[in-house]
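TrEMBL has this to say about the protein:
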| type | residues | note |
| --- | --- | --- |
| TRANSMEM | B:26-54 | transmembrane segment |
| TRANSMEM | B:74-104 | transmembrane segment |
| DOMAIN | B:79-302 | domain 'ABC transmembrane type-1' |
| TRANSMEM | B:125-145 | transmembrane segment |
| TRANSMEM | B:165-184 | transmembrane segment |
| TRANSMEM | B:233-250 | transmembrane segment |
| TRANSMEM | B:283-305 | transmembrane segment |
């Protein structure tokens, strides 16, 4: 390749070609290979979360097989669960009636919440048991039929996995959180990008973004200890931990996301737009509201979508602040149980391979698909819209 | 920027907001109110946690073990556990994230479909709920890899196929990967084109240029990414719920195949599952204070480094 004679040097096609070096070649391949891993991770996450829920889709025979395999390898029943005896029976698990009531007695801080939840749920179990036994005889795959019911009793004798009940809870909390976080985040972003002076902007932006540094467990703790009591005294409702408290706490987690992305979108609106508007005699606020804001709508839309994604999948805050009882009511001041919180609180108690375990993983894949979809929508919608806007079509 | 003198004078109202325009004042006022409300709540949270946790917070608290069934004593094992977690996590995530960022800025062609796919994956990774990472850690690291190792090397004896520090750290590494990639990418972009060109013109190859010129120039960016990732990893609880966090351990972990205690998990457990929540309230607030101080100070450091990088880019 590089057999050029120095004395008769001339630029030929050969001499201008890049010299082949193994180190260069390897470096490039390894680096692209590592980059490829991030794509692979996305697929792996989906495959492995979905894989664990597969027993739900197969026939009853294979389900039994996997269970036998598991017992022979002596899998421990606890995942991430402490090995010490100190482990309490985890509150709010509706089905283990006796232990749940035990917890209520010892737990002096929030007796109302857990007590109420347990009462409601036990009543439900007694009433519904006969009906469900009939359907259970039809075969193992009836887990599917219970998905659309409104009852979430995963560990009872006739387990029912009513995803609707969890969906109601998740939606309730998400809506409440977005009602607070959406307007607040966007308005704050509008102020920062259009009205604030440069100096004020330099202070406000990092301070609000500091909120993103708050671990969700800290926000959850604050909601559990301070906000719950505060709101109960303010509104005088019965259940101390409820959807409203959880929603407001989650708004705190969603605000930095909505704020940052909206602020970026608002700042990216071309200067010519605002200058043209101001030159036509519009005042500053008119420009901000009728020119800048509409121009940044795609970005703000993306911000809201990503905010919803954050709230939808948030675990620790709901786990700590919403009371965790799957009730079917539209009342924002009652306890709720969301998809993510269900996974978080019940996974440690399930046995590898059983239906409950698979259902939790199935919920996980639903959550994953949902957040993936939201992100894709935010990304492609925004890109499409922005290109159209810039080209003036 | 054609700033007038009036704009510079007022800190909060730049521009020509006419004071007679009621509607305008209302609108501007509402946006300002949103900012003030958010910032007020932020400081309120910090204030309340500091106020309630300060009495308990002492050197003894952070340097001793919990005693009397976790109703007294300190949080040393939780701090150490968190520390080990973020170190192992960084060891995995930082090289991985840096290399991916290198690919995106140095190697990827402008219209490369592959690079677009990588970018999309990274952004998706950033929005996947943290509990999903926990499920993935359980399904992939523990059930698939861990159990696989046990079957092939340990003759089925359970050692790796259960929750431990390594699996928790790797799970957390995946979660914090986007944070590192974004920060490093930003830093790599601030390395002036001229530096690269000078190096290439002197006969250095692309890889040599990256190793000797680009990477040293972007060390600050890699540090920012690492600090932000550590701050995130120290605070997240959902991914380690079933991949390695333990309720109480009498000893410190000895190897990466042990379980560990964690600050965030400690707060969660103490405030929701403890037998006497009222009694341990000061411990809970003090633990929260420690965690919050840790994450906030890490973030402030990162913000400072980042603003220095940006200033360098401008000048």
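Cβ coordinates are placed from backbone N, Cα and C, and glycine is handled just like the others.
Looking at which of B:26-54, B:125-145, B:233-250, B:283-305 has the most CB pairs under 8 Å to the transmembrane segment (B:74-104), the answer is the stretch B:233-250. Comparison of B:125-145, B:233-250, B:283-305 by number of C-beta pairs under 8 angstroms to the transmembrane segment (B:26-54) places B:283-305 first. Residues 46, 49-50, 52-57, 61-62, 70-72, 75, 78-79, 183, 220, 223-224, 227-228, 230-232, 234-235, 263-264, 266-267, 270-271, 277 of the same chain lie 6+ residues outside the transmembrane segment (B:283-305) yet bring a C-beta within less than 8 angstroms of a C-beta in it.
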